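> Pasting in a structure now, in structure tokens, and then I'll have a few things to ask.
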């Protein structure tokens, strides 16, 4: 090892890579007939880190590390309550997708096509949460896009390539990582065609967007502006291949049950036919019978439906499921609020009758699991406002009267119980 300092009688040594002399660098390390300086070593380490990050995507998705469908399902169970069939369908589809990516380099006569996913279910049934959990489990870049904000290129609004730009932003513009990420497109049903017949006028937020999405979903080279840039003609773009990006599209598809029912009732005619009345059939049961022709009649173009071969339907969450959602998942709402209260050194108890009241209120509002937080937040608002200034409170108890707005939380002091807001 040669130090920066050296006598004039010594032969001057140079880095074999950058050409700097030993006096221009801090350290010069000698090898067999070559030298390398500390600056070149730092540069090498940076290159290795960048390449390792890109290779890490492939390494994390190698066969040995890729969780099996059962393992994927087990992890989904920790965060998502109910929707058992949808979780099984998703687990198999995601496993097959990343297994396919692993075998892309192998030459084979059989080419495996991509299994993009369509999730159909009411608001608050867990569509977005399922997609988020999958991305976190697989450690891949993930982005949520709202289909209602998209328009055809050239019109006011976001064009579909903005989705890929957001995906790049989420992985610090590492193209290799982005090309193996997951894109969740929400409200896909809101860009359905306005009628069964192709329109003679431009439908820039409906069928036009579906056509633009089609190219992205099936695989294309998307041109994305550089980091922090906006699109303009004289600009170099980042090229992102969307062929191996997994697209998950979700929507409530209000009215699809009627389309399915109309079709099934037409076929269920005859002496031996057993036709249930509309009242007897559960909405989730009807949705499970969805066929491509139903989605076409609803307003999706056939080409886009063909690129979403895996269809998973989610049912409405009942009272029991909503109560479980409040307490069972790893990041359950009750656990979150208990942690917030624990930061004030106060124990929070939400009684079973209160949980039931929260679930019933969410069902009345038709908000599903999505509405649970606002109900609890509203019930706890006053006590969370007062708690930091109250002295000696050790526990807060919430019952059904608090949830319904007919009572106030019970505060347990170190000495005696007291109702919040009372003097």
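Cβ atoms here come from the backbone N, Cα and C positions, even for glycine.
What Swiss-Prot records for this protein is below:
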| type | residues | note |
| --- | --- | --- |
| DOMAIN | 3-56 | domain 'ClpX-type ZB' |
| BINDING | 15, 18, 37, 40 | Zn(2+) binding site |
| BINDING | 122, 123, 124, 125, 126, 127, 128, 129 | ATP binding site |
> Considering the binding-site residues 123, 125, 128, which residue's Cβ sits among the greatest number of other Cβ atoms within 10 Å?
125
> Would you mind giving the whole-number mean pLDDT across the domain 'ClpX-type ZB' (3-56)?
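Looking only at the domain 'ClpX-type ZB' (3-56), pLDDT averages out to 78.
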> May I ask which of the binding-site residues 123, 125, 127, 129 is closest to residue 40 (Zn(2+) binding site) if we compare their C-alpha atoms?
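Nearest by Cα distance to residue 40 (Zn(2+) binding site): 129.
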> Reduced to three states, what secondary structure does DSSP give residue 15 (Zn(2+) binding site)?
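In the DSSP reduction, residue 15 (Zn(2+) binding site) maps to coil.
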> Using C-alpha atoms only, work out the spacing between residue 124 (ATP binding site) and residue 18 (Zn(2+) binding site) and round it to an integer in Å.
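Counting only the Cα atoms, the answer is 59 Å.
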> Tell me, how many other CB atoms lie within 10 A of the CB of residue 122 (ATP binding site), whichever protein chain they belong to?
21
> Pick from 124, 126: which of these binding-site residues has the biggest number of other Cβ atoms within 10 Å of its Cβ?
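Answer returned by the neighbour count: 126.
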